[in-house]
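Working notes, beginning with the structure itself.
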Amino acid sequence: MKLFAQGTSLDLSHPHVMGILNVTPDSFSDGGTHNSLIDAVKHANLMINAGATIIDVGGESTRPGAAEVSVEEELQRVIPVVEAIAQRFEVWISVDTSKPEVIRESAKVGAHIINDIRSLSEPGALEAAAETGLPVCLMHMQGNPKTMQEAPKYDDVFAEVNRYFIEQIARCEQAGIAKEKLLLDPGFGFGKNLSHNYSLLARLAEFHHFNLPLLVGMSRKSMIGQLLNVGPSERLSGSLACAVIAAMQGAHIIRVHDVKETVEAMRVVEATLSAKENKRYE
C-alpha cells in the first residue's frame, strides 16, 4: 500500500510515525510552544531526526471546548511553517485543517496530506480537497470540538464509525476524490468516552476491510489520562502502549507528540510482525 503526493510516494508496508507540530497558542498538550516560525522549524527538525516520516502541522486547536480560529489567522499560522518545512526537509507534510482556503494554500506550498477532523464537511472543503488531488484523512467525530465530550452516546460505537466511513468514502468518490487517496482515522477522543475509545482500539484491525491506510492519534489523550489518573505530561507510557496495540493490529500511521520513543517502540513492533510473518522465532 502506498500514498502518492507532490511527485513522491509513501510506502505503508511498515508503520510510520507522524510528529505533531501545533502552531497554536491553546492546544491541550503543547499549545504555545512552537508559535514562532523558527521554533516550529526547529521542532520539526528534531522530530525528523528522531525518525518522524510525516509532520502534521495544525493551526487550530481541536481540544474539547476549543475556540474557532479565523481563516486569516489560520493561514498566517500554518502556511509559512508548511512552506519552510517543505523547502528544508525531505519529509511528508500533513496539514490538520478543515478550511478550504488553508487546504488550497497548503497544497500550493508543498503539503502532502489533508488531515481534516471534520472530514471535509465545511462549506467548500470537499471541492478544495478534490482540486488539490492530495490524499485526505477522514476522521470520525460525534458533534464538534466545542461540545463533543459533553455526553457521547452510541448504540454500537464500532458499527457507527464503520457506517460513517462508508458514507464519507462514497461522498468523496462522488466529488472526484479517488478511494485510493483516502485514509481513515476512528477519531479517538473525539466525541467518545473511555469505553468507546477502548472498544475502537480493541477492534481497530476490523477496519482493514476498507483496504485503506489507518491513521490513529491517541498520544497524551484523556483516554490515557483518565485511565491512569495522570496529566498530559505524564502520559508517555500509556501513549506508547496505545501506539503498540494499534501498530500490532496493522495501523499504518501513528500520530504522536513523543517521536523518538514511539519510533523505538515501532521498531520492536516491526521486528515482532516480521518474525510472525516469517515464522522465525530464533
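Each position is counted from 1, following the chain as shown.
Glycine is no exception: its Cβ is also placed from the backbone N, Cα and C atoms.
Listed in Swiss-Prot:
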- Asn22: Mg(2+) binding site (BINDING)
- Thr62, Asp96, Asn115, Asp185, Lys221, Arg255, Val256, His257: (7,8-dihydropterin-6-yl)methyl diphosphate binding site (BINDING)
- Asn115, Asp185, Met223: 6-hydroxymethyl-7,8-dihydropterin binding site (BINDING)
- 15-267: domain 'Pterin-binding' (DOMAIN)
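Overlay of Swiss-Prot annotations on the structure.
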| residue | record | DSSP (3 states) |
| --- | --- | --- |
| Asn22 | Mg(2+) binding site | strand |
| Thr62 | (7,8-dihydropterin-6-yl)methyl diphosphate binding site | coil |
| Asp96 | (7,8-dihydropterin-6-yl)methyl diphosphate binding site | strand |
| Asn115 | (7,8-dihydropterin-6-yl)methyl diphosphate binding site | strand |
| Asp185 | (7,8-dihydropterin-6-yl)methyl diphosphate binding site | strand |
| Lys221 | (7,8-dihydropterin-6-yl)methyl diphosphate binding site | coil |
| Arg255 | (7,8-dihydropterin-6-yl)methyl diphosphate binding site | strand |
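Highest Cβ count within 10 Å among the binding-site residues Met223, Val256: Val256. Separating the Cα atoms of Met223 (6-hydroxymethyl-7,8-dihydropterin binding site) and Asn115 ((7,8-dihydropterin-6-yl)methyl diphosphate binding site) is a whole-number distance of 21 Å.
Ranking the binding-site residues Thr62, Asn115 by other CB atoms within 10 A of the CB puts Thr62 at the bottom. Listed binding-site residues: Asn22, Asp96, Asp185, Lys221, Arg255. The one with the lowest count of other Cβ atoms within 10 Å of its Cβ is Lys221.
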